[in-house]
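Listed in TrEMBL for this protein:
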DOMAIN    B:27-135  domain 'PurM-like N-terminal'
BINDING   B:D29, B:S44, B:D74  Mg(2+) 4 binding site
BINDING   B:D29, B:D74, B:D210  Mg(2+) 3 binding site
BINDING   B:D46, B:D121  Mg(2+) 1 binding site
BINDING   B:D46, B:D74  Mg(2+) 2 binding site
BINDING   B:H53, B:D261, B:Y316  substrate binding site
BINDING   B:G120, B:D121, B:R145, B:S212  ATP binding site
DOMAIN    B:149-302  domain 'PurM-like C-terminal'
BINDING   B:D213  Mg(2+) 5 binding site
There are 2 protein chains.
Amino acid sequence: MAEFDLIAQYFTRPGLPGLNPADLGVGDDAALISVSPGHQLAISADMSVSGTHFFSEADPYAIGWKAMAVNVSDMAAMGAKPKWATLSIALPEINGEWLSAFSQGLFACADTFGVSLIGGDTTRGPLNIAINIFGEVPVGKAIRRDGAQAGDDIWVSGTLGKAALWLQHRLGKLDLDLVDVTNFAVAMHQPQPRAALGLALQEIVHAALDISDGLLADLSHILKASGKGAQLDWAALPKPELLHSSLPLTDIQQAVLAGGDDYELCFTASPRRRDEVLALANTLELPLSRIGTITEAPGLRVLNGETAIELSQKGYLHFD
Amino acid sequence: MAEFDLIAQYFTRPGLPGLNPADLGVGDDAALISVSPGHQLAISADMSVSGTHFFSEADPYAIGWKAMAVNVSDMAAMGAKPKWATLSIALPEINGEWLSAFSQGLFACADTFGVSLIGGDTTRGPLNIAINIFGEVPVGKAIRRDGAQAGDDIWVSGTLGKAALWLQHRLGKLDLDLVDVTNFAVAMHQPQPRAALGLALQEIVHAALDISDGLLADLSHILKASGKGAQLDWAALPKPELLHSSLPLTDIQQAVLAGGDDYELCFTASPRRRDEVLALANTLELPLSRIGTITEAPGLRVLNGETAIELSQKGYLHFD
C-alpha cells in the first residue's frame, strides 16, 4: 500500500459540520489555514512512542484518542480554542485492523473537541505518533506559566493519581481490586482534556498548565517561571476513591502528587476570584479543588496537617 | 538528564537577528505566533526515521540539516516564506556528542532559511525526528498542485538523480568512483531546499511541488490533481555528471526519473513565461530546465528521441 492510499483510507474524511476546515487540507505540499483577526495562533507538539507512552499491545483506539487528547490538553492549558492538527506517524507495518481502530480513536477525540486533521506524514518505522495542534486565542489572552502572584489560590481540576495507580498496578508494583483497576483504566486510556475549562479560565486566572508529569513536577514549572513558591494542603487534594482496594498512604501520596498522565489543569488565581471558579465548577460539572497558595518565598511544600510530605520520586522524568 | 535540561542545552538559543521570533517560544504549554495580516499560514510536516530515511550511523549534523531542509522544501513548493518550526524528537539515549552535532546541523539549516524553532517535544524511543514547519503566503497566492494547464511547460530546478545514485552505491547496487560518490553525497546529505525559487515562482507558475519521491511519482501528483497528462523529453532532463564512473543508461534513467531525495522543484508555467523563468535561473544562479509539456490527454510519457522509456520502478513507495 502506498502512502497516499493509506492516508486516503484511514486519515481522510469529508468535513464535518462544526469542525474547522483548512483553506487547503491534506494532499498538497502544505496545508493552508487562516487565523481569525485579532487572534494569535497557539502551537503545541506531543509525541507518543510505543514502549515509552503506551504498552505495545495497548488498544489502538485508546492510543489514537490519547495521542490527540494530550495535545488538546495543551491548548486547554493556554486558554486557546483547539482548531487544527497534523499527524505524523511511523508504522512498523500496515495493519488494517490496528489502523482502523487507531484512526477511529483519534477522530473521536478530534471531533469531540472540534479539531480538524489538516495534514501530516506517514512513514515506516517503530511506532511513533507525533501530533502538532493549532488553536486560536485572542491577542494577549493566552494563559502562561509565568503569571502566578504571591497570595494566589492554587486550583486543580478533576482527580489526581488515577492513571498513576493503574500504571503501578499494570507494572505489578501495586495490588488493586479489578473494580478499581477498571475505573482507573479509563483515566489512563481515555483522558478528558479540560478544553472548556481552559477557555473559561482565560479571563480569570494568572497562570495555568496541564498536569502530564505529576502535580509537583508541573507546578514547579509555574513556580520557576513566575519566581514564586507554593504551599499545598494534602487534605484539600482531590484523591482517587479506592472502592475495593486498600493501599499504604505513601503509595497514594506518590500517585496524587507525582503521578503522570492526569491531564487535569492546575491554575492560580486571586482569592477574589473564588466564587467565579466555583461557579465554573458547577457549570462544567467538573470538580475544581483549591489545594494551596502561591508564596513569595521559593520552594514547594506539601503539608499533611503540620507535617511536610516527602516523596521518593517527584515526578516523571523523560530521561532519568 | 531531564527533558527540560536537554531542551535548554541543545535546542534553545538566543534569538538571532533576521529570524522570526515567536510571540512566546519554547517553555510553555504552547508557542504563540502572529500571522501577518493578509497572509495564510502554510503548515507542513515531515518525519525522518532512522533506518528508513537515513542510516543509523549517518553523520548527525547531516541528519539535523536534512530533517529541517525537507520541511523548508515543502514551503518552497507552496511559494510560502518559511518562518517557524517545531521539533519533536524521540531519542534512544542521551548522547551529548550526537545531540550537539545534530542540533548544529538543524540550526544551520534553520538559520540559512530564516526559520525559528519555537517548540516541540523530546522523549525516549527509537530515533525519530518529526518537524512541523510554518510559513506565510499572501492570501490566495500559494502554489498548489491542481493548477497545471494543457500546453504548460514543465520545468525542474537543479540536477536530478544524484542522491539516488549515492544511495544505490551505498547499498552496493552500483559501482561509482570515489570522486563521484563524494560529489553525490552532498546532494544526499545536505540538500538545498529551493526557498528563494519557490517565493519567486509565486506569481509565475500554475502548479509546483518538490521532488522527494522521484520525478515521475511526484509529477504524477500534479497530473492527478490537475486532471492532465504530460510528455517529458529525456534529452532535456538535467542529469548528474559522472566524472570518473560509467553506468548503463538504464541506471541513470532510473535515478533521474524515479530517484528520491532530490528536493528540487518541479513546476508548470505558460510558455509565455519562459523568459521570466530563464531570468530567474540567472538571478538565482540555479539551473532551470524545461523538460516537457502538460497535455490534455492523460498519462505520463518520457521520450528518448522517438522511443518511450520504461522504468522498472516508478518511484519511492513508502510502504511497498
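Glycine is no exception: its Cβ is also placed from the backbone N, Cα and C atoms.
Annotations in TrEMBL come from automatic prediction, not curation.
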Can you tell me how the residues of the domain 'PurM-like N-terminal' (B:27-135) break down into helix, strand and coil by DSSP? 36 helix, 45 strand, 28 coil
Spatial hits near B:D210 (Mg(2+) 3 binding site) (Cα distance within 10 Å) out of the binding-site residues B:S44, B:D46, B:H53, B:D74, B:G120, B:D121 come to B:D74
CA-CA, which of the binding-site residues B:S44, B:D74, B:R145, B:S212 lies nearest B:D121 (Mg(2+) 1 binding site)? B:S44
Here the binding-site residues are B:S44, B:S212; the one whose Cβ sees the most other Cβ atoms within 10 Å is B:S44
Of all the binding-site residues given, B:D74, B:D210, which has the fewest Cβ neighbours within 10 Å once its own Cβ is left out? B:D210
The correct subset of the binding-site residues B:D29, B:S44, B:D261 with a Cβ closer than 8 Å to some chain A Cβ is B:D29, B:S44
Distance between B:D74 (Mg(2+) 4 binding site) and B:D46 (Mg(2+) 1 binding site) at the Cα atoms, whole Å? 9
Excluding its own, the Cβ atoms lying within 10 Å of the Cβ of B:R145 (ATP binding site) add up to 23
What is the interatomic distance between the Cα atoms of B:H53 (substrate binding site) and B:G120 (ATP binding site), given in whole Å? 20
Average the per-residue pLDDT over the domain 'PurM-like C-terminal' (B:149-302) and send me the rounded value. 93
